[in-house]
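Report on one structure; see the data block that follows.
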Amino acid sequence: MLSYRHSFHAGNFADVLKHIILLEMLQHMTAKEKGFAYVDTHGGAGLYNLQSAQADKLQEYQDGVAKLMDLDWPELALYREAIADVNKSGALKLYPGSPLFAARWLRPQDHGWFHELHPDDFPRLQANLKPYRKCKVYNSDGLAGLLAVLPPQSRRALVLIDPSYELKTEYDQVARTLLAAHKKFSSGTYAIWYPVVERQRIDRMQKQLVKAGIKDIQVFELGLAPDSPGRGMTASGMLVVNPPWQMMEKMQKLLPRLARVLDKDGKAFARCTQLS
């Protein structure tokens, strides 16, 4: 099933969380001179037009990135810089997907693998990453592609796993893939993005990882409303295995402030948890 299109949701509150966490991890990985492997299992199109009919239909970015552009917070400097890089006129018209956030950080000694199966998004991802020579783009299953490159020659890796979860089986599939990846390369940093639609599926996925004995798992969530079976996605999260040092401390300070900015009716929240 390939009906999900991120262009309807680009720049929403879930993207804000995902990309702020991603930038924190990229900053950590590039602090050392030694190269690293970067893998994005579900790349999407890489860049989204916020003035398109798809983005305009839901205008989710208005309750996400648009609320942050006037905030002069040092903690958001890298995030705002990445967005400004694709909006040369200054107006917020385009929003970078995870591949563009990452590609800007890859150095000559680094390697990037990006996967996308959707027949429309794949050529767009290819075109958007063409200027970045260290990026390889594949029209293939990203979860299988991840396992194929582990362990990396550099012995350092940052992995982003963020499927659409259109199929309910994807929650278990993601957990199984992470367990297999961790078995092949236990010192890599792995980040799983997830939507909070049915909380029990998230709980199940997290319990699978903890029960398997994976250590140092941190979970970061940002939500606009409490869990509800009838409201669709009320929150989203990033589960990170082997997170950067001090990321928990930083997010405990930043995410509650973001929740207050994004809040519409007093129900927004942030959650930072050490899972194992």
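Please read every residue number as a count from 1 along the shown chain.
Note: Cβ is positioned from N, Cα and C throughout, glycine not excepted.
Look at TrEMBL and you will find ASP162 tagged as active site, proton acceptor. According to its DSSP assignment, ASP162 (active site, proton acceptor) is coil.
GLU116 (S-adenosyl-L-methionine binding site) has a Cβ environment of 26 other Cβ atoms inside 10 Å. According to TrEMBL, the S-adenosyl-L-methionine binding site annotation covers HIS19, HIS42, SER98, GLU116, ASP141, GLY142, ASP162.
Same-chain residues at least 6 positions away in sequence with a Cβ under 8 Å from that of TYR4 (site 'Interaction with substrate rRNA') are, in sequence order, SER164, GLU166. Residues annotated as site 'Interaction with substrate rRNA' in TrEMBL: TYR4.
Candidates HIS19, HIS42, GLU116, ASP141 (binding-site residues) were compared with ASP162 (active site, proton acceptor); those inside 10 Å Cα-Cα are HIS42. For the recorded positions ASP141, ASP162, the ranking by surrounding Cβ atoms (within 10 Å, all protein chains) places ASP162 first. Secondary structure from DSSP puts TYR4 (site 'Interaction with substrate rRNA') in coil.
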